[in-house]
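S.K.: So TrEMBL says this about it:
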- 12-34: transmembrane segment (TRANSMEM)
- 54-75: transmembrane segment (TRANSMEM)
- 96-114: transmembrane segment (TRANSMEM)
- 185-204: transmembrane segment (TRANSMEM)
- 232-250: transmembrane segment (TRANSMEM)
- 270-290: transmembrane segment (TRANSMEM)
- 297-315: transmembrane segment (TRANSMEM)
- 321-339: transmembrane segment (TRANSMEM)
Amino acid sequence: VRTRRRAFRSVMVAVIKWGALLLMVVQNAAFVLVMRLSRQQQQKSSHDGPTYNISMVVTLQELFKMLLCATILFVPMCSLSTTCDALRRPRELLRTFVPAACFTLQNNVLYIALSNLDPLLFQISYQVKTLLTAILSVQMLGRVFSKWQWFSQVLLTIGIVMVQLNEQAPQSGDVAEESTRSPWIGMAAVLCAAFSSAFASVYFERILKGGAREGGAREGTSANPASSLWRTNLQLCAWTVPMNMALTWMQSDALTLLSHPLRGFELSTWAVIVVNGFGGLLVAVVIKYADNIWKGFATAGAIILTGVLAPVLSLGPPPNALLVVGTGCVVGSVILYSIKSTPPARQKSLLSEPLVQTHCSKNYE
């Protein structure tokens with residue numbers, strides 16, 4: 001009976017893992033396409049009326065994720081106290097502060113990088129986060145990669161850059177705009193964003209794959225992996241929502257924000273909020289049942305899918321040889337990473353070490 005249960009659990013974990021990865025490819029592509037549509041409408045409306053506040057959009061995305069997590073926790077037990085219990089755990093809340101702060105920092109320094117770097121240089125530089133994620137997975141999670149798997153990460157980075165080069169349309173330089181740019185500030189910002197993204201993702205993976213389960217069991221709650229997943233996401237949003245609200249207040253005109261907080265919002269704007277809100281929760285599922293490396297592959301697949309669909313929907317340039325070669329690099333990297341994986345016996349785990357007074361499980365899945 002135990003053997004059957006273990007076999008059934010392994011099958012279910014595999015179904016969730018590959019299903020979540022596939023959904024992430026579709027969701028990321030949908031988000032980019034909806035975002036491009038929203039930007040097109042924003043550019044048109046800028047001549048007729050005010051545009052929407054991007055900081056407000058990010059804040060509403062986090063608020064939507066928080067409400068969604070609270071609903072998922074509330075429905076099974078129909079108990080508001082059980083749902084709010086996730087926010088009455090100081091140790092667990094303290095643990096999620098680190099990734100929340102890093103994700104918030106990443107979102108804001110990206111704007112600094114974009115305003116000081118050419119879009120092409122930004123896209124190429126930001127892909128260093130792929131390799132940083134792999135390096136931090138070794139240092140923080142004790143992952144062991146074979147030489148071929150390291151090569152697959154480099155190949156994946158090259159593939160993503162080539163696909164995104166296809167997206168970059170030639171632009172006429174604006175001398176006035178170029179004179180206000182600072183490449184050194186831009187490069188520092190993009191490296192800061194890449195590192196904060198990689199560190200937050202790996203740190204969050206460490207929490208999801210062990211800390212939440214052990215923390216919940218020690219405090220007398222259910223060790224259900226699904227409930228711990230949504231509880232951890234709710235705790236993360238408990239930090240990101242006020243952080244983004246504060247940033248929105250600092251970056252916006254107070255009078256305009258209070259009188260017209262949703263100024264310029266259209267249907268496509270709300271679609272961006274909903275799609276990216278679901279995407280944030282989907283990322284957590286992928287990290288828990290797969291890992292950050294597979295998340296990178298899924299993101300690359302979404303970029304390729306976007307490059308194929310964008311010209312069909314008149315939201316991007318037509319594909320060229322760069323898209324084909326880049327797609328080949330990404331597919332090759334996935335195959336290399338899969339067939340040249342390190343045997344489990346050689347994998348070591350750092351998940352048993354304490355993380356803010358919380359112990360983590362040694363199981364990755």
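Cβ atoms here come from the backbone N, Cα and C positions, even for glycine.
TrEMBL labels come from automatic prediction, so no person has curated them.
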S.K.: Cβ under 8 Å to the transmembrane segment (270-290), counting only same-chain residues 6 or more beyond its ends: which ones?
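M.R.: Result: 13, 16-17, 20-21, 23-24, 27-28, 30-31, 34-35, 38, 57, 60-62, 64-65, 68-69, 201, 204-205, 208-209, 225, 229, 232-233, 298, 365.
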S.K.: Looking at the stretches 54-75, 96-114, 232-250, 297-315, 321-339, which one shares the most CB pairs under 8 Å with the transmembrane segment (185-204)?
M.R.: 96-114
S.K.: Which residues, given as numbers and ranges, are at least 6 beyond the ends of the transmembrane segment (232-250) yet have a Cβ under 8 Å from it?
M.R.: 53, 55-56, 58-59, 62-63, 65-66, 69-70, 73, 83, 86-87, 89, 92-93, 95-97, 99-101, 103-104, 107-108, 204, 207-208, 212, 257, 280-281, 284
S.K.: Go through the chain and flag residues at least 6 beyond the ends of the transmembrane segment (297-315) whose CB is under 8 A from any CB in it; none is fine as an answer.
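M.R.: For the transmembrane segment (297-315), the sequence-distant neighbours (Cβ-Cβ under 8 Å, at least 6 residues beyond its ends) are 21, 24-29, 32-33, 36-37, 40, 156, 159-160, 163-164, 166-167, 286, 323, 326-327, 330, 333-334, 337.
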